[in-house]
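Visitor: Structure provided below as structure tokens; questions to follow.
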Amino acid sequence: NVDGLHLRSGIPREKLAELHGNSFLETCPSCGVEYLRDFEVETIGLKETSRRCSDKNCRARLKDTVLDWEDALPSKEMDLAEKHCRMADVVLCLGTSLQITPACNLPLKSLRGGGKIVIVNLQKTPKDKKANLVIHGLVDKVISGVMDFLNLQIPPFVRLDLFQIILTQALSLDKKNVNWSLRVASVHGQKAPLPFVKSIEISFLDNQGYKSAILQKEPFQLKRRTLQGKSFDMVLKFNFIDSCGCPSTEIVVPLNFKVPEDCLTLDKDAVLQKLRHTAIQESCCGQNAIVERNVMLTPKTKVIAYAIVTNVVRYRMTAEALQAGSLGNAIKRRKESVNGFETSRKRSKMHRRKSRF
């Protein structure tokens with residue numbers, strides 16, 4: 001699968017072989033750096049995208065990582081997948097038809113070293129006869145039941161997204177006013193989309209007399225003029241798309257064109273960890289925090305990078321889904337003999353008898 005969920009699950013990248021690529025991942029063909037995005041990359045087939053490597057000594061054009069039908073599997077990922085399968089005590093094949101070669105043959109490599117294969121899929125697969133256990137059921141229910149049986153808790157999933165607020169200012173010709181602009185953009189580049197934002201409502205505190213605005217499409221940008229020396233607070237209400245865990249959240253942005261600000265770089269991992277902890281404790285999303293602030297003099301520009309919690313998903317134990325009768329008729333095991341595993345003759349006869357009707 002190329003949906004990026006494997007990497008988002010928390011599995012370290014160096015232990016993950018994404019054979020067919022990741023539609024949320026770009027890579028630099030020159031220096032090899034990978035960039036995980038919060039939006040789907042616009043191309044497939046290992047083509048160049050509209051962005052470049054952020055390394056100042058490189059700046060090569062990035063490429064997508066999703067294979068097209070005629071593309072060969074990347075040797076680096078394939079070698080890692082083969083290594084893992086050869087070493088594995090158990091290979092879990094979850095929610096796959098096991099029909100596309102050569103990936104479908106990878107689980108069989110575990111058998112040579114005495115490993116076992118477990119297949120969980122709604123339909124039959126060509127590898128069912130090689131498996132030690134086959135369950136025709138929903139992967140979510142099966143894995144939730146296994147976790148419940150092992151007395152292990154599935155941790156909440158906290159979705160974190162990044163964006164930046166860009167404030168640019170310039171004195172008017174008469175030196176009495178400040179012409180300023182606000183732009184809300186992706187941290188991956190101003191042309192990159194913000195897929196989790198539906199619209200942004202802008203208002204001003206303390207009855208400053210400034211007209212409110214609603215930014216309904218990208219680029220989310222606002223231009224205004226203010227008397228020089230005047231300071232005020234601006235409120236940005238982010239309205240999220242329907243798949244987010246809450247409808248909206250608000251961020252207060254202070255504007256003071258007289259007081260210069262310095263650059264600020266925080267421990268990004270610590271900020272994100274604190275946001276995750278708070279979101280789990282409060283069982284809601286919308287929390288946000290500043291990650292970085294950069295200031296440029298020509299033109300006068302302040303760029304503030306934020307992290308924001310856009311979803312919190314909790315998983316309930318579903319042992320009831322595995323109670324008597326729910327999966328009993330869908331589980332097939334192989335009987336262990338002196339020479340290894342073989343299919344139970346009794347079960348095979350019963351299956352043939354049922355198939356006649």
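Positions of Cβ are set from backbone N, Cα and C atoms, glycine also.
Residues or ranges marked as domain 'Deacetylase sirtuin-type' by TrEMBL: 1-153. The annotation active site, proton acceptor is assigned in TrEMBL to His20. Residues or ranges marked as Zn(2+) binding site by TrEMBL: Cys28, Cys31, Cys53, Cys58. Positions annotated as region 'Disordered' by TrEMBL: 338-357. Annotation comment: TrEMBL describes 346-357 as compositional bias 'Basic residues'.
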Visitor: Using only C-alpha positions, which one of Cys28, Cys53, Cys58 is spatially nearest His20 (active site, proton acceptor)? These are the binding-site residues in the record.
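Guide: If we rank Cys28, Cys53, Cys58 by Cα distance to His20 (active site, proton acceptor), first place goes to Cys28.
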Visitor: Relative to the Cβ position of His20 (active site, proton acceptor), how many further Cβ atoms are located within 10 Å?
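Guide: His20 (active site, proton acceptor): 17 neighbouring Cβ atoms within 10 Å.
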Visitor: Only counting partners 6 or more residues apart, tell me which same-chain residues put their Cβ under 8 Å from the Cβ of Cys58 (Zn(2+) binding site).
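Guide: For Cys58 (Zn(2+) binding site), the qualifying residues are Cys28, Ser30, Cys31, Val33.
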Visitor: Out of Cys31, Cys53, give me whichever of these binding-site residues has the highest number of other Cβ atoms within 10 Å.
Guide: Cys53
Visitor: Would you list, in sequence order, the residues of this chain other than Cys28, Cys31, Cys53, Cys58 that have their CB within 8 A of the centroid of the site's CB atoms, where the site is the one recorded for Zn(2+)?
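Guide: Here the nearby residues are Pro29, Ser30, Gly32, Val33, Arg52, Ser54, Asp55, Arg59, Ala60, Leu62.
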Visitor: What count of other C-beta atoms do you get within 10 angstroms of the C-beta of Cys28 (Zn(2+) binding site), across all chains shown?
Guide: 20
